[in-house]
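Student: This is the structure I want to talk about, given as structure tokens.
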Amino acid sequence: MEAVLQSKGLLSLPSKPKTRAFYPLPQGGLRHRFNSINSLKPKPLEGLSLSLSSDGFQKVEGFSRKPQLVGQKNRFFPICRAEAAAADDGEPVFVEKKEPAKFMGIEIVTLKKIIPLGAMFFCILFNYTILRDTKDVLVVTAKGSSAEIIPFLKTWVNLPMAVGFMLLYTKLANVLSKQALFYTVILPFIGFFGAFGFVLYPLSNYFHPTALADNLLNILGPRFLGPIAILRIWSFCLFYVMAELWGSVVISVLFWGFANQITTVDEAKRFYPLFGLGANVALIFSGRTVKYFSNLRKSLGPGVDGWAVSLKAMMSIVVGMGVAICFIYWWVNHNVPLPTRSKKKKEKPNLSTMESLKILASSKYIRDLATLVVAYGISINLVEVTWKSKLKAQFPSPNEYSSFMGDFSTATGIATFTMMLLSQWIFDKYGWGTAAKITPTVLLLTGVGFFSLILFGDPLAPALAKFGLTPLLAAVYVGAMQNIFSKSAKYSLFDPCKEMAYIPLDEDTKVKGKAAIDVVCNPLGKSGGALIQQFMILTFGSLANSTPYLGGVLLVIVLAWLGAARSLDGQFTALRREEEIEKEMERAAAVKIPIVSQDESGNGSFTSDSSSLNPTGGDSAGVSSESSSPRNL
């Protein structure tokens, strides 16, 4: 036997091995599972021929037995005939699985996914911050335009182009491969932003219909300044829409679709939260970049368009980052193996708008959750547009406006990064209800301060002058604080609370309710604020005249938001309590249900959880021999 084992290379025996009696391994398949594990001479099954293989072990014609190592207890591992034949031919039966290479406790294969994905996400978010700040500068500070253009632009230009793009994307997805689809979508973005900085903006005075816009404004009146400005600066509006689409298409569709394609669930749970922290690091660096290039005008000579120079530099960075994104995508596809996934997919219900409304109306839980989503979209839009109008009044120059937005982006990144680190502590110490109420509370307090400075700025002017502030500058700073803290609370607390609220629901309500909120509430929240502002502007003549009424609308919406959060907290807590009770009942019921357990010898036997849970039930051998007896079965 020593010669056999040494020739097979299974292990090296000591120089003076102890003599042991050799017992042929028992055969009997399923019949042996009902015999005692201490039986050493079981009878082979009748009708099956036994033969001795080249490794010294018996082999059944139907099934073969993997070899046992010296000192190993009897274990029964039936293997297929092909594997037994491989052992007969001298090939090793046991193939030792190599430990995957690791660096700092993380597998190299995982690092080859996560590091490129992190770099890609950084480049995408870096570009998005530059584009987001630049688009506001272009449409708000342009001649003949103001912040009043934003509600009309979001509703009548941005929304139709987003719908059209998604329809085109769906068509392309049916005919192109994933890699071809990625390049087909992202390359037009990169080409447009490069062309805008070096061609469209320098030549904008030649193809903007300024004279036609002036005539329409004289005929229709100043209350139609926003819609007419879309025609007046159409190329800037096109840049605005493309920058918005970069956030929704490149980040949400392309990046997260690619990340979900190449990562496993365990990798996603471990590393996706780090992407959120990395996004805020990108926000900080890109804010500093915008600030730097916006201040270039100070070093330029007289007569030079400083904003045109800054725009060319920032668009060059955007193009360079876009090329880096494409290269990283190409490298990952050629060097990282894709994980194997099940072909079976859980279908998401394709609900029409009316079906979504019916689901929203039928469940109080879903209605409260929908109120949270709609209220956030409307309230943040109401304050943001009013704040940008005051920002233009304080910083009319494009370079000054852009420089302030660079500082704003950096501060937002720092605040969000800090809030993400604190969010886990808030959830653990105060629970879901408090975390869900922080975002509307912050928005309410800062919103009250912002609108108070606008409406009652003159009486507060002497007190503000002691701090070197004017009412307008104080309103700009308070509005900036409102946006910074609201966005950081949204990313770190509101979004996790919203997703956690789906967890205790039953599967049908969870899937259909989420689909209904995606179809109805997200667009309604984003467009609702814009529609309210359009109505106010057309009714009262301007955004400034509408400010008191917008403040009142904001107060009503935030109070409704807080009420929905309080109601949802009670329902969420009750569902979680019911879920815990059901789990306890399942555990109690499982004790009385016989289940198949595996004893020390690897044999399956029927036993009860009550015996395994009994701490005084004796040693494991006693339990194994007792549980494997036919009487216990």
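All positions are counted from 1 along the displayed chain.
Placement of Cβ uses the backbone N, Cα and C atoms for every residue, glycine included.
Feature annotation from TrEMBL assigns transmembrane segment to 114-131, 151-169, 181-200, 237-259, 271-290, 311-332, 408-426, 438-456, 463-485, 549-568. According to TrEMBL, the feature region 'Disordered' maps to 592-633. Annotation source TrEMBL lists compositional bias 'Low complexity' at 601-633.
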Student: Residue list, the transmembrane segment (549-568) vs rest of chain: Cβ under 8 Å, 6 or more residues beyond ends.
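Tutor: Residues 364-365, 367-369, 371-372, 375-376, 378-379, 382-383, 386, 433, 436-437, 440-441, 443-444, 447-448, 451, 454-455, 501, 532-533, 536, 540 contact the transmembrane segment (549-568) from elsewhere in the chain.
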Student: Using a Cβ-Cβ cut-off of under 8 Å, list the residues of the same chain that are 6+ residues beyond the ends of the transmembrane segment (311-332) and lie near it.
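Tutor: Sequence-distant neighbours of the transmembrane segment (311-332): 112-113, 116-117, 119-120, 123-124, 126-127, 130-131, 134, 179, 182-183, 186-187, 189-190, 193-194, 196-198, 201, 258, 262, 289-290, 293, 296.
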Student: At a threshold of under 8 Å on Cβ distances, which of 114-131, 181-200, 237-259, 438-456, 463-485 pairs most often with the transmembrane segment (408-426)?
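Tutor: The stretch I would name here is 463-485.
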Student: Near the transmembrane segment (438-456), which residues from the same chain, at least 6 beyond its ends, have a CB less than 8 A from one of its CBs?
Tutor: 375-376, 379-380, 383, 386-387, 390, 426, 471, 474-475, 478-479, 481-482, 485-486, 489-490, 493-494, 547-548, 550-551, 554-555, 558-559, 561-562, 565
Student: Given a Cβ distance threshold of under 8 angstroms, which distant residues of the chain, six or more beyond its ends, lie next to the transmembrane segment (151-169)?
Tutor: 139, 181, 185, 226-227, 230, 237, 240-241, 244-245, 248-249, 253, 381, 385, 523, 526-527, 529-531, 533-534, 537
Student: Short question: which residues 6 or more past the ends of the transmembrane segment (114-131) have a Cβ under 8 Å from it?
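Tutor: Sequence-distant neighbours of the transmembrane segment (114-131): 106, 193, 242-243, 246-247, 250-251, 255, 258-259, 262-263, 267, 271, 274-275, 278-279, 281-283, 285-287, 289-290, 314, 317-318, 321-322, 324-325, 328-329, 331-332, 336, 409.
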